[in-house]
Amino acid sequence: MIGRTDVNSVTNWNAPLVWEGTFDPVVIDDIYRRMNPRVAVVVLAVGKYTRFLKGFLESGEKYFLVGLRVTYYIFTDNEQDVPNVTLSEGRKITILPVPSAKRWQDVVLSKMKWATVTIDKQIRNEADYLFMMDIDSVFYNRFGAESLSRMSAVLHRAFYKRDQFPYERRPESKAYIPAGEGDYYYTAAVWGGYLEDMYRLVKYCYEQSEEDAKNNIEAVWQEESHLNKYFLYNKPAKVLSPEYLWSDYETPGSDIKLIRISQLVKDYAEVRPNGGQ
Ligand code: GAL
């Protein structure tokens, strides 16, 4: 029996909302292994963040889109620190050198810039789907082809049971969402979709933050704020439950039957170039 009665498994615009128990992994895997798509994963590992690569890649090989073709595109300012991880057949790593940044906020936003440039130049010819992912995470369970769609967004674990969201509320920012508007709040740490749709959205986040910078404003949660504005008015084709990005800081409730990927506990002050702010 496939289905859940304790959670919504469809959004009010009729997109699937994916939870453990709402799909048959055997059927899904069979469909996608026949289609054999090429999936790009873009991660940024600059400064001390290269220490997260090993855990991310090794666990990714165990749980992320197993049996499909995956290329991890690693943007880094420190190539020597990229670990040598054994990958399964059909999977590879491409290292892309980027300059260092002084503030973690700039690190986050530069990810949109490098991704825009590199998708345009290179990835577009090498992939059908693209995921943007934060590197400071580890896979714990299957993160499979049920996550794929034209545009898939993950509900932020801290807000999926709330109706107050941390959108950008200052009209001066391009990410502005008026009070009273909004339905879901999505994380920017995991999102994915068709290559061309992702390209448009990554570029949108980059350009909107550049506009903000010209006007001396930075959206409250950087590219996450721009992403949420976009998704409010251009609905994602599929919504993924917070199983698709949890945090090791928090114990899940009974609706989370399994955690597929989780953000690691880290010392922000130690790991970020400009400390914890
Ligand atoms: C935090 C997360 C931030 C941002 C924020 C939104 O838990 O670390 O990246 O998503 O929530 O309130």
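Any Cβ shown, glycine's included, is placed from N, Cα and C.
Unlike curated entries, TrEMBL annotations are predicted automatically.
Now, the feature entries from TrEMBL:
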ACT_SITE  Glu224  active site, nucleophile
BINDING   Tyr49, Asp134, Ile135, Asp136  UDP-N-acetyl-alpha-D-galactosamine binding site
BINDING   Asp134, Asp136  Mn(2+) binding site
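Positions of the features from TrEMBL, shown on the structure.
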residue : record                                          : Cβ neighbours (10 Å)
Tyr49   : UDP-N-acetyl-alpha-D-galactosamine binding site : 24
Asp134  : UDP-N-acetyl-alpha-D-galactosamine binding site : 21
Ile135  : UDP-N-acetyl-alpha-D-galactosamine binding site : 23
Asp136  : UDP-N-acetyl-alpha-D-galactosamine binding site : 20
Glu224  : active site, nucleophile                        : 23
Among the UDP-N-acetyl-alpha-D-galactosamine-binding set Tyr49, Asp134, Ile135, Asp136, as the record gives it, the longest Cα-Cα distance in Å: 10
Coarse DSSP state, helix versus strand versus coil, of Ile135 (UDP-N-acetyl-alpha-D-galactosamine binding site): coil
Alpha-carbon distance [the residue listed as 'active site, nucleophile'; Tyr49 (UDP-N-acetyl-alpha-D-galactosamine binding site)] in Å: 19
The residue listed as 'active site, nucleophile' and Asp134 (UDP-N-acetyl-alpha-D-galactosamine binding site), distance between Cα atoms, whole Å: 12
